[in-house]
Amino acid sequence: MATGGSQLSAFCAVASFLWLGHSIESHQLIEQPRVSSILVLLTAGAFSYLASHFWQWLPGSNGRFDDEGGSLRPAPTSLPKRPRRYFLPVLIAAIIFRLELFHRVTADLQCSSPGVEAFLPLVILFYELLPGRRARVGPARDAEEEDDMGRTTWDDIGDWVAESKQSLTISIVFISLGAYLASSQDMRSSYICTSFDNSTLVRSLQWLGLLLDGVIVILLWRVLAWARTNKSRLISVSVVFVASAVGSGLLYTSLRMFLPSVPLSHHFKGIDALFVFDVVTDGFAVAVLFVSASLLTTEKTPLSLVGIFTFISGLVVGWGKLKLTGGAENTMHGVAYLAVLLMSLGTSIFVYANNIQRVVLIHRSILVALMFISLIAATIVAVSNNRNDYLFEHPIETMIFKARTNADRYLTHAAASNSLPVAVNEYKARYGGRDPPPKFDEWYKFTVDNKSPIIDDFDQVVHDIRPFWGISPSKIKEDIQRVAKEPGIALLRVANGTASHSLSKDSEHAMVMDELAKMVNKFAQHLPDMELPINLDERPRVLTPWEDVRRFTEKAKQKGFGKLLSKREDEEEGKAPSQPLDLSSSATTSVRTFQEMTALTCPPGTATRAGIHWDVRDFCLSCVRPHSAGTGIFLHDFAASQSICHQSDLFHLHSFFFTPPSVPPLRDLVPVFSRSKLSSYSDILLPIPTLDEVLHKANTQPDTSDFDLKTPALYWRGAQAEQVSDEMLHGGQQERLVHLVSDNSSTSTTLMLIPQNEVRSRAAYERVSTSLLNFLLPFDIGFSSVSPTTAAAASSSEFTTTRPPRSNPLSSNQYILTLDPPFSSTPPSMSPSNYPTTFLAALKSTNVPFTSTLFTHWYSSRLQPYLHFIPLDIRLHSLHATLAYFVGLKGKASASDRLGNTKGAMINGREVRQKSRTDEAKYIAEQGMKWAEKAVRREDEEVYLFRVLVEWGRVVQEERDDLKFVMAETSKETKQTKEMKG
């Protein structure tokens, strides 16, 4: 790599390699790996063939017949033996087989081992050291230099490094081991590698793929190094790409035809402009990488490029891990430092042992100096960050204290008004100067009469309804009639001061609508005539793209918008299908399409909008930082944790996203009132009772027995869906929970905040055996019933062991865990005995509710995390550490100890004793129950419902811009500036 052209080729090769490694995770190509790999190879082949026509202008070494003198030039010492005729077809076959191995491993990526690729230099080294290979020679020296009596010991050492196989071996071992240590210490995702996934086969295929990588590199080098000209060399690269793409497609098609059991694994979802752009850019980058590498084949062995690639990528990852030391994101401090140390030393030896003069335009002497500086910097960073390892106050303790302050602040904000005039002024101040709706005085009186502590904070209502101010009332009413024809939608009608609904008495959900109409009739005489589409399904229905919601919201901010909006603009901006959605099989929504539609509800530039997170094996640190920054593994922003837009990995960790909806979602901004929704959805929240709550009211009654008399255990029971998909089996929220607390693997670890001495104020994050924690912590968690498909597929008791539900879990357990319902095309059949404990039932009882949810309800903004309940991340990675904070960590009492004395728990080779915080848990249970008795009663549901209907009643009126409530000027009595029609 001595010439300027060669250095430019090396730079292009390294740059394209780094670009591919950095960008591949953000491209949508990874979502369709089979078709993407074929198209990228075809594109790379086209670019390589195009480059062959401009070979004279390409940098790098020439072919054997490109220079004057042709083959009379002495062959470079690194030139391999002549390739055999069958090398090219064998190379193509190896690439095709390697692609199949890649697809097989990625299909069960959760069972694979990280960092295996780091050992590719060792495979190439093994080939270099085989008998029959040319002896290694150092840099050329003339006879006078050989006989120089002034040569020193250091010169001899340099010669030994340059010529010795041992020095080369040591350098490659250091580089590979360092890169492996840097890339293999990531936290594992909670996505399950089940006992019947055959993880041994997956890991074996990884190592087989590594050997194939070595074969491909060596064969490609031997074929290209003996090319007659650079043009023929580039044409050979093009042929390899195109033939591999065609062969891969034919092989997969044949397997699907003759072996129907071969899974599709990734369905073809179409080609759009962005997909084509990614194919072209990645194909170009692959072509640049291989064209640049091919231009260097006659100068160096493949070990040079492979070693440099491994070093650069490993050093980048190692430094990234080293900077994270001193916190929860990287507890393996010594490993990260050792990785940087090994790669720095290994590279310093490698550039001399392999006679590399420059690395990406940097002279090797300068590179060695940089490695020395890197080592010093790594030492400083490791030592300084090590001082930040210890925490002197538990994050949960801090958040409990802050929660008390935040609750007082919220109550002041939510109940600032002590009279109607003050409430009117507060409304104007909070909502952009807009006057309250008509009958606001009646709503205020209803709120005060029902002693609701929340008078001014209805931001959720305003947020849900605001975009509809950008659509004309006539269009909204038209949309209501269309939506009413959709399955799972019922109409709630208010006419002449009476509420009714559209369902017949024999309808399954008639009782739900009866209950809702009963609540509305308490104040229906104050409402105008209206119709509300009620979503009876657990799923929210309105997936309006973010751009559309923003456009309507911006127009809603314009004063007098209803008057200025012409009929033509109305039809264009608020356009809805002229016919109801087709509910035939052709109109069903696939999982992939549903995920894409959900991603479009997020703003551009967010992680979820950019694409689905494909790495189900490793924990997504960037996904949790926005809501866990500064608190390690614990949640500090529960509302942010419910946003899907920065958490692209959730599409693999919640059944809502990988279970196809039974009916197509609604993409236009249309009014649908739902009991819960994701934060980016456009449904309007309403306190709608569920069918199970109506049918099984006895199971939702709170328990007020003494907290101290209950068992200090975390309780959960749930029933699996009748049909469990492969994705749900691995990523379902319930399945991940049960697997986590029953995991007895010797290799699984969980991140914990462990006391470092008897003083509880000093603690540090450590990785602890998950099976040990499951033994030490009081979990009472399990399925009450499992799917028959799961029982048939499982080869162990992973999901087949069931636990009968307790008759009254609220009265027997201090801690109650609640999850989102299992979304499935065949939901579990519920009987009164196995009906799950609801969050509100636990909140209203003397229990500490632990909850892990993505869904927002009408009451969500009223509750304060760490004061009324304990939030858990949807990934459940903080479950053990959070429970340990309250129940403590201690060893089990021996059977011979009659007094039940226990010693500290043996964790990571030392005795650890963490005190329980029962008083804090009892305080949270009491505060949650007291606040629920004040702010989450049925009366509060009615107040919220009244407020929504008062606000909505104005939006659907043609003269809505003139409809408002104002205080009378001469007295404190109120009047309407304009009575609503009807």
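Just so it is clear, glycine is given a Cβ too, placed from its N, Cα and C backbone atoms.
According to TrEMBL, the transmembrane segment annotation covers 36-55 (among others).
TrEMBL lists 86-106 (among others) with the feature transmembrane segment.
The transmembrane segment annotation in TrEMBL covers 168-185 (among others). Listed by sequence, the residues of this chain that lie at least six past the ends of the transmembrane segment (168-185) yet keep a Cβ under 8 A from its Cβ atoms are 113-122, 125, 128-129, 136, 303, 307, 310-311, 313-315, 317-318, 321, 330, 332, 335-336, 338-343, 345-347, 349-350, 353-354.
Here TrEMBL flags 205-227 (among others) as transmembrane segment.
If you look up TrEMBL, you'll see 234-253 (among others) marked as transmembrane segment.
The transmembrane segment feature in TrEMBL is assigned to 273-296 (among others).
As annotated by TrEMBL, transmembrane segment applies to 303-322 (among others).
Taken from TrEMBL, the feature transmembrane segment applies to 334-353 (among others).
Under the heading transmembrane segment, TrEMBL lists 365-383 (among others).
Taken from TrEMBL, the feature region 'Disordered' applies to 561-587.
A contact links the transmembrane segment (36-55) to the transmembrane segment (234-253), because at least 3 Cβ pairs that are 6 or more residues apart lie under 8 A. Same-chain residues lying 6 or more positions outside the transmembrane segment (234-253) and placing a CB less than 8 Å from one of its CB atoms are 34, 37-39, 41-42, 44-46, 48-49, 51-52, 55, 88, 91-93, 95-96, 99-100, 220, 223-224, 227, 262, 286-287, 290-291, 294. With a cut-off of 8 Å between Cβ atoms, the residues of this chain six or more beyond the transmembrane segment (303-322) that come close are 1, 10, 13-14, 17-18, 21, 118, 120-121, 124-125, 128, 171-172, 175-176, 178-179, 181-183, 185, 217, 293, 296, 330, 332, 335-337, 339-340, 343-344, 346-347, 350, 354, 356, 359-360, 374, 378, 381-382, 385.
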